[in-house]
Amino acid sequence: MLKETMEDTKNLGEKQEVIPSLIRSIDANEVVGFDDDLMKQNVSDNIELMDCGGDKMEAEILNNCLRHHRTPSISISMPPSPTRAPMQNNTRKVAFRDDVELAVGKKLKEPPIVSATKFHSQPIPTGVGFEEAVAAGKFPNRPVKNEKMEKVKDERYNSFKTWSGRLEKQISTLRGKPSGEQVVVTPRSENLPVDRYFDALQGPELETLRPSEELILPDDKKWPFLLRYPISSFGICLGVSSQAIMWKSLAASAATHFLHVSPRVNLILWCISVGLFSVVATTYILKLIFYFEAVRREYYHPIRVNFFFAPWVALLFLVIGLPPTVATDIPHFLWYVLMTPIFILELKIYGQWKSGGQRRLSKVANPVNHLSIVGNFVGALLGSSMGLREGPIFFFAVGIAHYTVLFVTLYQRLPTNETLPKELHPVFFLFIAVPSVASMAWANINGSFDNGSRFAYFLAMFLYFSLAVRVNFFRGFTFSLAWWAYTFPMTGAAIATIRYTNEVTNTFTKILSVTLSVIATLVVFGLLITTILHAFVMRDLFPNDIAIAISDRKPTTVRKWFHRRSGSSENDIEHFLKYVTSNGKDVEVTVKAGDVESQSPLP
């Protein structure tokens, strides 16, 4: 019986059909663990053929039996990418039976060429290594993302862009994209009323966002540079350009002739001031061109609007500090050109101070308001030095009237005015700037440093020393652009002291002139170096400008969900109870000091 079975098996092996070429190729290039000897061994150990009478066969006979009875399996290799498949000219069609002819009339006799690399049909997972390879540029078909370009393309900034997508469309056309593509245009919001600034922001300078408000720009990442560039950057120009005037006075004054100051110092500082003003002004002009909505929001800001005087005051400083080697005769029309924008801004701001509403002086009184006053006296100083008389007297009269009102308002510290935090203590030195410049302006108008000039000068000196002895004003806060409020007033006090020393020359006034000049110089150059380090090394000089990113609509009323424990954390409940009363109003606005017991209890 066994002998017959073995003969039948041998005949079966001789008469077996010819295996197609693809099967032979797969059989010759087996994948480890797939249909190989290991699987055959497992089959031979576990499977017993019924034809063999229950006895195990020899290995050779068993292989023939398995080759006959099993169903051939096929594994097809796919090309690495669909784009390369048509490029393979040597691809062959596969026939699974020998009696099937191809379209060209030939049988598949030659085995296909097998590549050394084996491709599997399973997708390749993309993990961290794949992303790192793309970022490193190892995959040229996928460009590396540029964070700066992605930030510019962010549609959330479109409401602040001047053309709101028109510029992006032009750039896309230049890059070769179809001109028919529609660029998404985000509608620009209307002008914010002043009430929204007071409702959405808090603090003495309205720079801090209230907890109940949300920004229309992303607050989790840094915005484009131009959106973060504030108008207060012109304070740097005020500090450096005033130094050029001070060193010009030191070189030309007879009372300080013993110092032997070279006029070249004035020339170098003036050139630095011109270059610095050009950089600051050009950057802000770019902001005006590309993000006009951001500039408009700064202009309508009740506190920050005062900084719009700074560019014109800085230009007046550059003309006053003009070195004699550059020019000695200044045309009169230049004075009218520089004073016209100052006059227009004063018509707007001074009219708002007395017209009531949220922009009245008692509501927006802040030391920064001195910038809107000092322009009058700087203009009067320049005009009188050029030989003009009526115009300088006009601006001097306007300035002295409004300075008196502002001085009294700031000294009273009405309940509507919040106490300045430590970060804004440098702006207190703006108290010194106005009387210092006013004393020199009146001296030029009157022709001598008389009692009127001395009245303003002595007031400036008292304010200077009253702030200098307060040590707490100089510590406990981090660096910011507000520190530049130290420079221009200190330099103005030093220039006024030099002018006073020419009238009253003695040892005390000379020492005072030198001391104030040295302090002002050290402060200006110390802050200039610190500003450069924070701008280009630490890169934290210009944080996100929260004040311009408030919404033009009030936030929706928060529902009274705090009694529900499900889905609410203790931090959310504490935040709600801190800022919302039973009427849904802000606690800090509705509750006065000592009136906490009178508010209605929470339900």
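The backbone N, Cα and C atoms fix where each Cβ goes, and this holds for glycine too.
Pulled from TrEMBL, these are the features on record:
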- 226-247: transmembrane segment (TRANSMEM)
- 267-286: transmembrane segment (TRANSMEM)
- 307-327: transmembrane segment (TRANSMEM)
- 333-350: transmembrane segment (TRANSMEM)
- 371-388: transmembrane segment (TRANSMEM)
- 394-412: transmembrane segment (TRANSMEM)
- 424-443: transmembrane segment (TRANSMEM)
- 455-474: transmembrane segment (TRANSMEM)
- 481-500: transmembrane segment (TRANSMEM)
- 512-537: transmembrane segment (TRANSMEM)
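The list of residues near the transmembrane segment (307-327) in space but at least 6 beyond its ends in sequence, with Cβ under 8 angstroms from a Cβ of it, reads 230-232, 234-235, 237-238, 241-242, 244-245, 248, 263, 266-267, 269-270, 273-274, 277, 281, 284, 298-299, 334, 338-339, 341-342, 345, 368, 371-372, 374-375, 378-379, 381-382, 385. Against the transmembrane segment (512-537), stretch 226-247 has more CB pairs under 8 A than any other of 226-247, 267-286, 455-474.
The transmembrane segment (394-412) shares the most Cβ pairs under 8 Å with 371-388, out of the stretches 226-247, 371-388, 481-500.
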